[in-house]
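Below: the structure, in structure tokens.
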Amino acid sequence: MSKPIVMERGVKYRDADKMALIPVKNVVTEREALLRKPEWMKIKLPADSSRIQGIKAAMRKNGLHSVCEEASCPNLAECFNHGTATFMILGAICTRRCPFCDVAHGRPVAPDANEPLKLAQTIADMALRYVVITSVDRDDLRDGGAQHFADCISAIREKSPSIKIETLVPDFRGRMDRALEILTATPPDVFNHNLENVPRVYRQVRPGADYNWSLKLLERFKEAHPHIPTKSGLMVGLGETNAEIIEVMRDLRRHGVTMLTLGQYLQPSRHHLPVQRYVSPDEFDEMKAEAMAMGFTHAACGPFVRSSYHADMQAKGEEVK
């Protein structure tokens, strides 16, 4: 029997080590059991990677993180090549251990008090007009990291007054009142929080999270700021059905959410949850039609869609697939 892992502060636990810390049993996927990727899931990498390396260098220079890299996003090459990135604040170690996610788990160090200024300067240097700020979960902080979000928003707006800011926030488990008090005082231009999947598979997919809690977070922010769009996203391919996805869409509309993203789940490693199915582009188109009929102002639905994928276009209501 292997010895239990004793977490050390500041150490990233990934793949097998991360999965060993999850209370929900997950069987390692053997290579022969992996679903073969269909043709529509194949990505063509850009021939020139200089822009990609430039963004990575800027991140390293300023001690910043992107969720694009930390979560192994399949769109990294496309987005970096177009000069866009989703910044991940509060470090690169998450206090949660969701078995679909490639972000490292562990005991994080204290937040970097200089991060808001470094982030704001980097964004100004890149001359960005739209930026997405997300974070790891920080259950170790009394406000779940809400004040750090607010500090980042304020610093960014001071250096880039005309910029649009979207926040993709964690669920602030057990800290909703405190977090919302802070965030409603310094609101973003778009408030995003992902449900990730359907309630039936939450125990397996999002251990430690609560479906109704997440809906309430979205609803309460919307009540405080009726004119600010709220947004949520789901991954498909984790054992849910299309009918269950559509029911979640109805729940989101009942809680005031107006923007939706649906994308295909991809297994980061064989230690993570396996892909149960690949949803076809036609099925994504059908779910988008359902979403628009329900009253969503925008729905980005497609195999490679992620919450922050072409987020500026999503906010303008432009077509994203």
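Quick reminder: no glycine exception, Cβ is built from N, Cα and C everywhere.
Annotated features in Swiss-Prot:
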type	residues	note
BINDING	C68, C73, C79, S308	[4Fe-4S] cluster 1 binding site
BINDING	C94, C98, C101	[4Fe-4S] cluster 2 binding site
DOMAIN	80-297	domain 'Radical SAM core'
Mean of pLDDT values spanning the domain 'Radical SAM core' (80-297): 93
List of residues, in chain order, with Cβ under 8 A from that of C94 ([4Fe-4S] cluster 2 binding site) and at least 6 apart: C101, V103, A104, H105, G106, P108, V136, D137
CB contacts for C101 ([4Fe-4S] cluster 2 binding site) [other CB atoms within 10 A, all chains]: 23
Neighbouring C-beta atoms (10 Å sphere around the C-beta of S308 ([4Fe-4S] cluster 1 binding site)): 29
Length of the line joining the Cα atoms of C98 ([4Fe-4S] cluster 2 binding site) and S308 ([4Fe-4S] cluster 1 binding site), in Å: 19
In three-state DSSP terms, the structure that C98 ([4Fe-4S] cluster 2 binding site) belongs to: coil
Cβ-Cβ neighbours of C98 ([4Fe-4S] cluster 2 binding site) (radius 10 Å): 22
